[in-house]
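See below for the structure under consideration.
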Amino acid sequence: MRHADAAPRYLGVLLALNVTFLLVSDFTGSRIIAMFGLGVSVTVFYFPFSYLIGDVLTEVYGYAQARRVIWISMFCSITGSGIAKAQLLVPAASFFAYDPAFQQLFSPGVKVSVAGLAAFFAGDIANSYVLAKMKIWDQGRRLWARFACSTLVGEGVNTALFYGIALRGLLPGSLLIRGMTVGWAIKVLVEIAMLPVSYRVVRLLKQAENLDHYDYGTNFNPFIIR
């Protein structure tokens, strides 16, 4: 197997997919749907795919490459959100009847934006860290356990941070905890349901890239961008 730094062929594809799911989640996260009598963001059905991608990145290419993708994705998210907010400063045409809807859709509060970024970064880093460490401890065995445990931790961190920052004080404590629990459970179940697909993607990528990276000697500092 070659080293993770040797010009991977499909890393760019995974980066593009990760950015796509993150941006879609950014712009649709305010849509609330009813699940089990509670209001949860519609993103519970597709945001977990960013964690699936993170799992595949860490498993095949290693923690450092996954961390780099997380930072690039965050930069794209900040850029996209900034452009979306900046376009609101341009006056709409007098005959454009949908401007109030655009204003409402693309102008979430600072607290919500900060919560989303903090939750994404901390959750994805935790997800990759747990998976990379478990791969070493378990000597590459039981891929399903690595994916399941890293998802439980990563999605837990993500959900707790977002609800704790964005919605604390806006919802009663009991309702906040229930919504947090339901949102976390749905995200975890979606990714667990995708395990057969994850297995196949990992196997195909390891074969195509001739790569199966173990993070021996890796610096796990999340703030290193390179």
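Note that Cβ sites are derived from N, Cα and C of the backbone, with glycine treated the same way.
Bear in mind that TrEMBL entries carry predicted annotations, made automatically and left uncurated.
Annotation comment: TrEMBL describes 7-25, 31-57, 69-90, 110-131, 143-163, 175-197 as transmembrane segment.
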Legend entry - Sequence-remote partners of the transmembrane segment (69-90) [C-beta within less than 8 Å, at least six residues beyond its ends]: 11, 14-15, 18-19, 22-23, 26-27, 50, 53-54, 57, 102-103, 106-107, 113, 116-117, 120-121, 124-125, 128, 225
Inset, instruction - Take the transmembrane segment (175-197) and find every residue of the same chain, 6 or more past its ends, with a Cβ under 8 Å from one of its Cβ atoms. - result: 35-36, 38-41, 44-45, 47-49, 51-52, 55, 144, 147-148, 151-152, 155-156, 158-160, 163, 167-168
Inset, instruction - Take the transmembrane segment (31-57) and find every residue of the same chain, 6 or more past its ends, with a Cβ under 8 Å from one of its Cβ atoms. - result: 11, 14, 17-18, 21-22, 24-25, 65-66, 69-70, 73, 120, 123-124, 127-128, 131, 146-147, 150-151, 154-155, 175, 178-179, 182-183, 186-188, 190-191, 194, 197-198, 201-202, 205
